[in-house]
Each structure stands twice: as C-alpha cells, then as structure tokens.
Amino acid sequence: MIIPFHKKFISFFQIVLVVLLLCRSINCDSRHVFIRTELSFIKNNVPCIRDMFFIYKRELYNICLDDLKGEEDETHIYVQKKVKDSWITLNDLFKETDLTGRPHIFAYVDVEEIIILLCEDEEFSNRKKDMTCHRFYSNDGKEYNNSEITISDYILKDKLLSSYVSLPLKIENREYFLICGVSPYKFKDDNKKDDILCMASHDKGETWGTKIVIKYDNYKLGVQYFFLRPYISKNDLSFHFYVGDNINNVKNVNFIECTHEKDLEFVCSNRDFLKDNKVLQDVSTLNDEYIVSYGNDNNFAECYIFFNNENSILIKPEKYGNTTAGCYGGTFVKIDENRTLFIYSSSQGIYNIHTIYYANYE
C-alpha cells in the first residue's frame, strides 16, 4: 500500500485518522502504520560535500565537511545546529588540528556527550603503523575540548574506512565505540575470514586496542566493497555497505544483520532489502521494525519509504524557490522508537526534513 502525501500543512491527527480508517477498510495485513507529517526546509550557506546528522539533547546537529577546491584549497569541518530554518555554524573542528587533507570522521553520540574523532586518511595500502586522530569532546554541543590520540592500526591495517555517526554498542555490560572497516577487494580466498573487522574503545574513544570479530561468509571475490557503516540500535549490530565494479559503478547495496555469538564475536548474514528499479538509501528501525528508504533508479525526483516491507510512502520533493527538486542522500535520523526524521538534499544548499511517526492500530 503506497500512501502519497504532497501537502505541506496537514495535521498529525488528521493523517492518523485517515490512515487508520483506510487500513481498516481494506483489511491491511500489517498491524503497523507509519505516516509522514509536516515538511520543513533548512537552508545552508556552507557548500557541504558530506553531511552527518545526529540528535543531541532533542536538537538536530550536522557535521558538515566543506572541502571544495578553490583558490584557498582549504578543508573545513563544521559542527552545525538547526535553528529555525537554517544551519548555524558553532565550530570549525578541522582548524584546531594539524591534519592535512580530508580526514576520516567518526562521531559518537551518547545521552550526555558528543565525541568526534578526526583521523588522518591515507590509502589503506600506504597506511602507517599508527593513525593520528584528534578527539573532540563536548557536553553541550557548542564547546569542544581537543586532544590528540594515536591509534595502533594493526587491527584495521588493510581495511577501507568510511566516516559515520554511531551510538555506543553494549557488549556484556560494557559500552564500546567502534571503528569498522572492510577489505576493499580480494582476488583469491586467503581463508582469513576477516573481511569485515572493528576495533573498539571502552573508554569513550581515548584508547583503541580491542578487536571485534565479524564473521561474514557472503563476501565475494573479484568485486569492490566500500562505504561500510555500522548501525547500532538497542544494542543490535548491523552493517550497510556498497558493492560494485568500482566506486562509480555500484552494482548492489548490502545490509547485513549480526548476532552476538560469544565474547567479542558476531555472526552476520545478508538481509534482503533490494527492490526492482529502486536504489537503497538508508535503513533504520522503529519499535523493532525496519524502516527503509529508496531512491527511484531512473528518477531521483521520487523516493520511497517502506515500513515492515509492506506499507510505503511516496515522496516527491517539493521545490524551494525556482530550483530543480530531487531526493538526494536520503538519511534517517532517529529521535526515539516512535519518531524519526528523514532528511535529504533537494537542491544545492536546501535540505528537506520529513517527520515520520510510528503508530499501531487494532
């Protein structure tokens, strides 16, 4: 069942009533309903080439990477906060480091604090034994304490890393931050079974020496893997990554679920979210049910949000001014078990935000 919404101002309760009555009338198989409420626009004067959104103390933040090449050829990593209909820049973290080039960014958000790591980015084949990182700590989202740390790279020496925002993962009553990587490609089986690995910190990112073993038997030879990101929800671990001939020719987008086997070991297997003529964008959960976003493979003026693989919303991005609207980089930002934001860039400097509510009907 596809439920299209194109109006900007519809009350939450009106939508709930319509959806519940509709589902009753057609005898929906699923007992779960999700709906989209008001659409809002946010403007950004900074040309971000990468956005990393998160919720902290009930407010929306963005880590913006500005690395456009120009006369100055400078890199900026801004921490921004949503204030009304704009992103307000609070801090430029990169200028407080001695790093060169575009770094890896790993952000960890807990109830009371934000911890952001900026780590030097070298090609995995040229990576040094140790990796220099700057650890930024904040308990208000505005001011950040900076300390330089060194991470021994023996665990992830041959792994390709990608930037992401994550929650802590609790294993046997201890919380860990994870940095995870994937073998970018293999031409022959080396029987190591370490194609995906994570190193972990139990002291909020100050030291990194714990190895998390990820057992994944569906790694294929002769293809490239990239953009690996862990998903942590209610202490369940999953991964999202891309598979293709090369980074510009994506053949598939994989999502794998992991089960804690013993100690610091997990067993992971594929979860099939692939749909014909649709490109998987992002995955999250609401009340233990998956919510998945897709772009239209042939027309990014449309994107879809599926809940429980049954009900879906069709989103046609609304124009802001005279710009051409699209649905690019769709990302879920979970508020709680009943609400999530769906954020995408509709045009340069313009972000569309949809609020999605979870509801039950009897």
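Cβ coordinates come from backbone N, Cα and C, glycine included.
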I want to verify the bond table. Which candidate from CYS268, CYS303 sits on the other end of the disulfide that Swiss-Prot records for CYS258?
CYS268
Name the one residue among CYS48, CYS133, ASN338 whose Cα is closest in three-dimensional space to that of CYS327 (disulfide bond); these are the recorded positions.
CYS48
Could you state the whole-number distance in Å separating the C-alpha atoms of ASN338 (N-linked glycosylation site) and CYS303 (disulfide bond)?
21
Report the member of ASN145, ASN338 (the glycosylation sites) whose C-beta atom has the most other C-beta atoms within 10 angstroms.
ASN338
Relative to the Cβ of CYS180 (disulfide bond), which residues of the same chain, six or more apart in sequence, are found under 8 Å away?
LYS159, LEU161, ILE196, LEU197, CYS198, ILE212, ILE214, LEU228, ARG229, PRO230, PHE239
